[in-house]
Every structure is written in C-alpha cells, then in structure tokens.
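Database features, via Swiss-Prot:
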type	residues	note
COMPBIAS	159-180	compositional bias 'Polar residues'
DISULFID	CYS130-CYS136	disulfide bond
DISULFID	CYS212-CYS333	disulfide bond
DISULFID	CYS513-CYS516	disulfide bond
DOMAIN	456-598	domain 'Thioredoxin'
REGION	158-180	region 'Disordered'
SIGNAL	1-21	signal peptide
TRANSMEM	198-220	transmembrane segment
TRANSMEM	240-262	transmembrane segment
TRANSMEM	274-296	transmembrane segment
TRANSMEM	324-346	transmembrane segment
TRANSMEM	353-375	transmembrane segment
TRANSMEM	385-407	transmembrane segment
TRANSMEM	414-431	transmembrane segment
TRANSMEM	446-468	transmembrane segment
Amino acid sequence: MRALLTFFVAGLLVLSSPAMALFGNNQNSSFASGSNDFVPVDQAFPFNYFQQDHRITLDWQVKEGYYLYQQRLSFSAENVVLGDIQMENGQPYRDEFFGDVNIYTNPLFVNIPMQDWQPGAKLIVQYQGCAKAGFCYPPETRVIDIASFTNGDMAPATMPTQTASPLDTSTANTSTPQPLTQQDQLASGLADNWWTPLLFLALGVGLAFTPCVLPMYPILTSIVLGSGKLSQRRALGLSLVYVQGMALTYTLLGLVVASAGLQFQAAMQHPYVLIGLSILFVTLALSMFGVYTLQLPSSVQTWLNNLSNKQQGGSSTGVFAMGAISGLVCSPCTTAPLSGALLYVAQSGDLLTGGVALYALAMGMGIPLILVAVFGNKLLPKAGGWMDHVKTLFGFVLLAAPIFLLERILPEMWSTALWSALGIAAFGWLYHVKNSLEFGGWKQSAVGIIAVLGLFASAQPALNYWFADSSQQAQTSEVSFIKIRNVEELQQQLALAKQAKKPVMLDFYADWCVACKEFEKYTFHDPAVAAQLKQFVLLQADVTRNQAQDIELLQAQQVLGLPTIDFWDAQGNPVSNARLTGFMQAAPFLEHIQRISN
C-alpha cells in the first residue's frame with residue numbers, strides 16, 4: 001500500500017531534504033562568508049506589510065536571480081484569529097537543495113484576514129529563499145505587532161507601509177527544512193486542487209485491496225450474486241446501493257473523526273472494538289470453512305423472504321444496510337492514505353469539501369466491488385467443485401483481517417507468529433488441494449510450486465524473529481524511554497532535562513497505532529539512530545487507554561493523531577517545526593534529530 005501511495009502522489013508532493021553547507025560567521029548578514037556575490041537576505045527578499053480594514057497584506061519584492069520557497073512560507077498568530085490566507089501558487093522549479101518545489105521569482109503578495117485581536121496580538125511570518133547561483137539562506141522569521149491595530153472598522157485608506165521586526169535569533173528556529181512525513185505529504189499535496197476528489201477516488205481504489213476492505217468481496221458477492229440469477233442491470237443497481245451505503249457511512253465517520261479529533265479515532269480503535277471486530281471476522285471465516293452454517297432466525301428469514309419477493313432479485317434496503325455496516329467494519333483500518341485524507345479535512349476546516357473528498361475516497365473503494373458484482377458471473381467459470389475451493393480461500397482472506405487489527409495490540413512476537421501461521425495454513429491447504437483441481441498438467445504443477453514457495457516464505461519471518469542472533473536482540477534493548485502519564489509529569493521531566501542541559505524527545509504511543517510500532521521496530525532501534533538518541537532525554541506517553549489524563553495531555557500538546565513526536569532544545573524551549581506526525585524511516589529521522597541536537 002505504501003508503494004501504491006508513493007507512486008500515486010509522486011507528481012504532487014514536495015520532498016524536502018537538508019540544505020547543503022550553509023552560512024558562515026558574518027555577524028552583519030545572513031549569507032555565507034567567503035562569497036561577495038550574494039546580497040544580505042533583506043536585500044534579496046525585502047519584506048513589508050500594510051493593513052486595510054480587517055486585512056493585512058504581506059509584500060515580498062524578490063530580487064532578480066533569487067526565489068522564495070512556497071513550502072517554507074508559514075503564518076501563525078498570538079491573540080488574534082486569522083482567516084483564510086489568500087496567495088497565488090508558485091511556479092514549479094527543480095532546486096539542488098530541496099528537489100522539486102514551487103518558488104516565487106516575482107513580487108509576492110499574501111492577504112490575511114484578521115479578527116478578534118487582543119492586547120499583545122502578534123503575527124509570526126516565516127519564509128526562506130535561495131539564489132539560483134547555488135546559495136540558500138536560513139529561514140527568516142518576522143514578527144508583526146497587531147496590538148497597535150484598531151479592533152474595529154477602519155477607514156478604507158491604506159496604512160503606511162511598515163517593515164516587520166525580525167525575531168530574536170537566540171530563540172528563532174533557523175533549522176533547515178524538515179522532511180515531510182507520509183501523511184503530511186498527502187495532506188499538503190491534496191490541498192488547493194480542484195481535482196482533489198479525483199485523487200481521493202484513485203486512492204480509494206488502492207485502499208480497496210487492503211486487508212480490511214478485501215474481505216468485503218465475498219460479502220458483496222453473496223449479497224448481489226448469491227440471491228439468484230440477476231441481470232447485469234440488476235447486479236449493477238444492487239452493487240451501487242451497497243457502495244452508497246458504505247460511502248455515506250465512511251463519509252460521516254471521516255467527518256466525525258476530523259471534527260472530534262483523536263478521541264473518536266482512539267475510541268474506534270480501542271482494544272475492545274478491535275477484539276470484537278476480530279471475533280466477527282473469525283466467526284465469518286469459520287463459516288466459510290464449513291465448520292457451521294450461519295443463518296438468521298426463522299422469523300427474520302421469513303421477513304426477508306417476503307421483502308425479497310416484493311423486490312425481485314434482492315432487497316435494496318438490506319443491501320444498503322450491509323454497505324453501511326461494511327463501512328463501520330472498515331473504519332479502524334486507518335492506513336497512511338486515510339490518515340492523510342483525514343488530516344487534509346481537519347486542516348481545510350471545510351466540512352463540505354472534506355465530505356465530498358471522503359465520499360470520493362469511499363466510492364473509489366467500491367469500484368472494484370462493483371466490477372466483481374456486475375461481471376463476476378462472466379469472469380468466473382461455471383459452477384462446480386471450484387466453488388468450495390473459492391469459499392475456503394475467502395475464509396483465509398477473512399482470517400487476515402483480525403490479524404491486521406490485533407497486531408496493533410499484540411506484541412510483535414505474537415503478530416509475527418499469527419501471520420506465519422496463517423500463511424503456512426493457506427499455502428499448505430493450496431498444496432493439499434492441487435491434485436483435486438479441475439485442470440492438470442503444467443498449471444497444476446505451477447500451483448504446487450507456488451504453494452511450496454509460499455510455505456517457505458510464510459515460515460521465514462517467524463524463524464528470523466525467533467532465531468535472531470544475540471547482537472540483534474541486544475540492539476533492540478538499546479533505546480529506553482521514561483514513561484509519563486500526564487501534563488504534570490511532562491513538566492517535571494522537562495525541568496530536569498533543562499537542568500541537565502539535554503534536549504528532549506517526547507513520543508506519543510498507543511498499542512493500536514501501527515506506525516508507532518513501525519517507529520519502534522525500524523527507526524528507534526537503528527544503530528545510528530539509537531546512538532544519536534543517547535544525547536536526548538527520551539520520554540514516551542502511552543495513550544492506549546484514552547483516559548482523562550491521556551486526553552488532557554494530548555490536548556495540552558495539541559496532538560491530533562498518532563504517531564506524534566515533539567522535541568525541546570537543551571534550554572527547555574519547544575523546537576519549532578520539528579514535530580513529526582507520521583512514520584519516518586531511519587535515515588531521514590537521523591538527519592532530523594541531528595539538526596535538533598546540534
């Protein structure tokens with residue numbers, strides 16, 4: 001899925017990497033010493049602003065041969081509410097420092113509406129630019145004093161142009177651009193595109209092949225194709241009704257998650273919910289294996305039969321309800337694309353736009369299901385013994401879903417064992433039934449070879465884990481965290497770290513967070529990363545239970561979702577723009593923490 005997402009957003013997302021050697025010791029300028037060809041940053045990008053009514057306009061005059069990065073523009077405020085920021089998109093550019101980016105080579109104007117400003121109101125503007133000749137300036141920060149503005153209707157006359165004061169460099173963040181996480185890349189890449197719904201539609205098609213959505217194929221097939229011989233038109237109608245139920249439910253759930261934040265997301269992924277859904281999938285799988293037959297009470301069957309007789313070929317109401325239920329079942333599978341979609345909705349603040357986008361995402365998930373329902377009878381061979389094999393195969397597919405859900409709350413050893421056991425059972429069954437297949441010759445031999453290779457591939461992860469050498473196991477124990485449970489304990493640890501003059505890393509963790517476990521397995525215990533992390537005071541907040549103190553801590557740190565990692569410098573100050581919200585591989589994570597520790 002990660003590979004699919006990477007391919008899909010390759011043309012949309014901006015990848016940022018560390019800048020190359022920057023900046024000398026010239027105290028009177030922001031440019032590198034030893035080169036007289038570059039002007040100071042204030043001459044390269046003269047920055048001014050003016051205000052009219054309840055709107056402030058920021059103005060950059062870009063010198064010829066220089067450019068500003070669109071991705072490095074950021075605006076934040078204190079004691080004032082900012083409206084929707086209005087600015088034009090930059091032009092695509094290939095930069096030796098940051099790769100494919102959008103830049104501004106002409107004067108740039110940014111309009112920002114403001115309201116409800118209070119005493120001490122400030123607007124903090126951050127930007128960064130480079131010279132085409134191969135030189136990059138550090139990020140610049142300007143603070144605009146809004147408190148002097150009148151909090152009421154002003155005359156239409158434009159105020160005199162003013163120059164914002166630079167932020168004190170002792171507290172300003174002058175780090176190089178931070179690498180974007182997978183979720184941030186998706187959210188930023190989808191923003192401000194009129195064709196966003198089409199992108200979400202394509203993402204939905206990819207999500208249709210994840211472990212939680214794939215088991216919906218046999219369910220839909222039994223609903224639409226299993227109720228009798230249906231025409232293509234009837235099958236198309238019922239499948240569309242099914243997908244509409246799933247899409248509407250998915251859209252509502254997504255909007256609730258985006259508006260309610262992490263609390264609802266955590267509740268939907270609570271261990272009790274995950275265990276309940278896993279039991280449901282196992283129950284369905286056992287019925288596919290013929291252990292028992294699931295059937296409704298006779299009274300309900302009679303009611304459904306009567307309703308089915310009234311609606312020839314199937315119940316649209318029942319199909320819609322099943323689609324809605326499938327939307328609920330699939331909701332805990334918050335893979336990186338779905339998390340990015342929800343992050344996009346939360347950032348946009350436009351529920352209508354967000355609703356349309358998430359509806360398109362769910363419709364994309366339903367497209368493969370519709371194709372199976374409409375063309376299934378033509379694509380599949382005639383009825384025969386193969387149907388029992390297909391039924392058993394779907395049983396194994398159904399068993400993959402509970403493992404996918406439970407690995408969020410199970411130790412890695414057990415999740416690895418479950419995946420290996422499922423693979424061994426599935427490929428062992430395939431090898432057992434190969435001689436009973438209706439075709440023979442080389443096709444039967446190919447099935448046997450696939451089964452044998454699958455058996456070895458399934459057993460290897462468990463063997464690698466259980467028989468790992470002692471050095472690998474010791475490596476896993478190198479990184480240890482100080483556990484914190486609430487805001488008070490966080491403040492205590494920050495105070496102790498400040499006294500020790502050590503930077504701090506706080507990792508928000510939950511058992512149901514897959515990416516949190518990926519951080520733990522692939523990133524934190526990388527030898528180079530583990531060595532660099534020794535310079536930090538490592539804190540971890542386990543919010544699995546989503547208790548009151550967990551919620552208070554998440555709200556205090558303004559955490560919208562997991563994984564989230566925050567950083568403080570050795571002076572106890574939060575490191576601006578250093579937060580990570582999504583999985584990051586060891587190499588870019590190492591660069592990230594090296595910049596912070598240095």
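Even glycines carry a Cβ here, placed using N, Cα and C.
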Query: When you scan the chain for residues with a C-beta under 8 Å from the transmembrane segment (446-468), skipping those not six or more beyond its ends, what do you find?
result: 412-413, 416-417, 419-420, 422-424, 426-428, 430-431, 434, 437
- line: For the transmembrane segment (274-296), out of 353-375, 385-407, 414-431, most C-beta pairs under 8 A are with 385-407
- prompt: DSSP says what for the domain 'Thioredoxin' (456-598): how many helix, strand, coil residues?
  reply: 70 helix, 22 strand, 51 coil
- line: Students should find that the Cβ of CYS130 (disulfide bond) has, within 10 Å, a number of other Cβ atoms equal to 24
Task: Could you round the CA separation between CYS516 (disulfide bond) and CYS130 (disulfide bond) to a whole angstrom and send it over?
output: 35
Statement: Across every protein chain in view, the count of C-beta atoms other than its own within 10 A of the C-beta of CYS516 (disulfide bond) is 23
- request: Take the domain 'Thioredoxin' (456-598) and average the pLDDT across it for me.
  value: 83
